[in-house]
Amino acid sequence: MAHNLLQGKRGIIFGALDENSIAWKVALRAKEEGASIVLTNAPIALRMGKIKELADLCNAEIIPADATSIEDLTNLINKSVEVLGGKLDFMLHSIGMSPNIRNEKSYGDLNYDWFLKTLDISALSFHKMMQVAEKQDAMNEYGSIVGLSYIAAQRVFPHYTDMAQAKATLESIARSYGHRFGKLKKVRVNTISQSPTMTTAGQGIDGFDAFYNFADQLSPLGNASADECADYTITLFSDLTRKVTMQNLFHDGGFSYMGISEELMEMMANKK
Ligand code: NAI
């Protein structure tokens, strides 16, 4: 149900690849709540994904940008302000990729060029998009910028390998840039630490089904879905959360504060 929470607001959504993508759901919800949006993704993803379908549903323009390229980001942000008819009120960073995970490298056998790529794509791009937005003076006061994170930033999930460091960096950038952008323009910056979610990026991780089911079992409310993540993101873009900034906000059905559940205790007790 829509509440016009983003009526008159303008924003950029990074990272919608297909209908499973978290960014896809956020784009649809943002539109539903009255926002005007620009969609963006890396040129290769635009060729392979289904973003055109989403653009039609959202009546949105697509502007390609590799999120690691300052030149692409500058073009994207300038053009978005032009197309949307004014400065931006929100941006979603929903981008993650590890060449080490793609190539099934274990944590003891990482390729360091790929490690740097993981960090650049999945974390530094968050800094880059904010630095470009600041330099272009593209954000409105009380704007809101959200990145998507995962609890492997704080706890060990072995198959998440170098993405754990990328997420820790992403969350740290949210704090540091949140301080800076808050002082400069009252812009807030947060990360949402989301439950495991069945998407292209999620399912690319070895053993994903096991930790999806584990988290679902352990969380008193079960895993949060992509649609629920979109709802939460909309609240952060809205004026209802104007003093929330520099936070890593867990959106995980309670998983992050659990030790063990009755079901898992029973399962372990029955194991000889
Ligand atoms: P997804 O695969 O649909 O989205 C990842 C996006 O990153 C894709 O659209 C891809 O094209 C984009 N991307 C990769 N390299 C890029 C580049 N150089 N420039 C611009 N875009 C680029 O998967 P999902 O799950 O929707 O991922 C979105 C975010 O949510 C990621 O940051 C991911 O780490 C995070 N997340 C996902 C969870 C999951 O279990 N799926 C759990 C917690 C966080």
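Yeah, the Cβs are placed from backbone N, Cα and C, and that goes for glycine too.
According to TrEMBL, the protein has these features:
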ACT_SITE  Tyr150  active site, proton acceptor
ACT_SITE  Tyr160  active site, proton acceptor
BINDING   Gly15, Ser21, Ile22, Ile95, Lys167  NAD(+) binding site
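Positions of the features from TrEMBL, shown on the structure.
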residue: Gly15; record: NAD(+) binding site; Cβ neighbours (10 Å): 28
residue: Ser21; record: NAD(+) binding site; Cβ neighbours (10 Å): 26
residue: Ile22; record: NAD(+) binding site; Cβ neighbours (10 Å): 26
residue: Ile95; record: NAD(+) binding site; Cβ neighbours (10 Å): 24
residue: Tyr150; record: active site, proton acceptor; Cβ neighbours (10 Å): 27
residue: Tyr160; record: active site, proton acceptor; Cβ neighbours (10 Å): 24
residue: Lys167; record: NAD(+) binding site; Cβ neighbours (10 Å): 25
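Checking the recorded positions Gly15, Ser21, Ile95, Tyr150, Tyr160 against ligand 1 with a 6 Å cutoff on the Cβ atom leaves Gly15, Ser21, Ile95, Tyr150, in sequence order.
Across the annotated binding residues for NAD(+) (Gly15, Ser21, Ile22, Ile95, Lys167), the two most widely spaced Cα atoms sit 18 Å apart.
Between the CA atoms of Ser21 (NAD(+) binding site) and Tyr150 (active site, proton acceptor) there is a gap of 15 Å.
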